[in-house]
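S.K.: Following this message is one structure expressed as structure tokens.
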Amino acid sequence: MQSITIRRPDDWHLHLRDGAILEGVIADTSRTFARAIIMPNLVPPVVTTADAKAYRERILKALPDGHRFQPLMTLYLTEQTSPDDVEAGAASGLITAVKLYPAGATTNSHGGVRDMEKAMPVLERMAKIGLPLCVHGEVTTPDVDIFDREAVFIDTVLDPLRRRLPELKVTMEHVTTAGGIDYIKAAQGNLAGSITTHHLIINRNAILVGGIRPHYYCLPVAKRENHRLALRAAAVSGDPRFFLGTDSAPHVDPLKECACGCAGIYTSINTMSCLAHVFEEEGALDRLEAFASLNGPAWYGLSPNEERITLSKQADPVVFPAKIETGAGAVTVFDPMVPLHWQVSASA
């Protein structure tokens, strides 16, 4: 039986939600991942250090007995965010990063930033203290095609910001385009990118061919095949500027299967099996550890995990549940549309 053992991975972009959904999904992450950067777009959002502290306590309370997992908390950047509160949260060790959502870019982002100038005092303080900014890299102006949002964001928001504050450390989250990959590669320091599991596997055909398939709809939306291949090449390259951020985003089925469905794909339960499949296809299993376990901690100034996991290739496909049942309703699990043969187990 073929197997590989790697350091226990981390997830550098995760939605856990709250309440019954949090309680229903957290084990799928904490079973495999040691740490995760937790997204702050709750209702209401996590905008202060006190909010983050309370949310972290709810996450830890929901952990199953025996699971060792560290939630890395973020703040939701608004035009009213206090630089002093951000600095205090970072100094306490509670706040790992601040998240920029352009208003209206994704789920629960209506309270995000509309005028970047109003957020500059916080961003200047973050640059000074070395606190990373995580960005949802899309513009939301109505005259921009949804498939062009990332490219326009780079040109009109991200690049001007980085020129103005070159000391600011920026994570371009869930990169979806070849242009985004090229922009990160060309950058001179202080820029890295997370890549999701699902964007390595699906292109936009998955959403639209054969009928509307809401469980493949996410934001940023999946792009053309050439972009998917560029993401794959970056992920398997070993380049330390690229690392795993699943953007696993649970929604109960009625919020996905409706006339105006929510964006988000739930991948926490089968991400490592999917990634092993992708890296094997690309002849790069030896670089899976870098992408999932090493590059992210290095970027965020943390040590890699000492624990290991083993992925073993099974003769028969590994069976994952089609849905996760939560107290709020069922959440559909990402279907990669190919059999998965890699199974995760803990290792000494």
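Each Cβ is built from the backbone N, Cα and C atoms, and glycine gets one as well.
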S.K.: His67, His110, His174: which one does Swiss-Prot list with Lys99, His136 for the Zn(2+) 2 site?
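M.R.: Candidate listed by Swiss-Prot for the same site: His174.
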S.K.: Looking at Swiss-Prot, His15, Leu16, Arg17, His136, Leu219, His251, Ala263 are annotated for substrate. Which of Asn41, Asn203, Asn205 sits in that same site?
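M.R.: Record check against Swiss-Prot: substrate site with His15, Leu16, Arg17, His136, Leu219, His251, Ala263, extra candidate from Asn41, Asn203, Asn205 is Asn41.
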S.K.: Record says His13, His15, Lys99 bind Zn(2+) 1. Source is Swiss-Prot. Which of Asp239, Asp247, Asp253, Asp286 does it list for that same site?
M.R.: Asp247
S.K.: Let me know how many other Cβ atoms fall within 10 Å of the Cβ of Ala263 (substrate binding site).
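M.R.: By my count, 17.
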S.K.: Least buried of the binding-site residues Leu16, Leu219, going by other Cβ atoms within 10 Å?
M.R.: Leu219
S.K.: Reduced to three states, what secondary structure does DSSP give Asn41 (substrate binding site)?
M.R.: coil
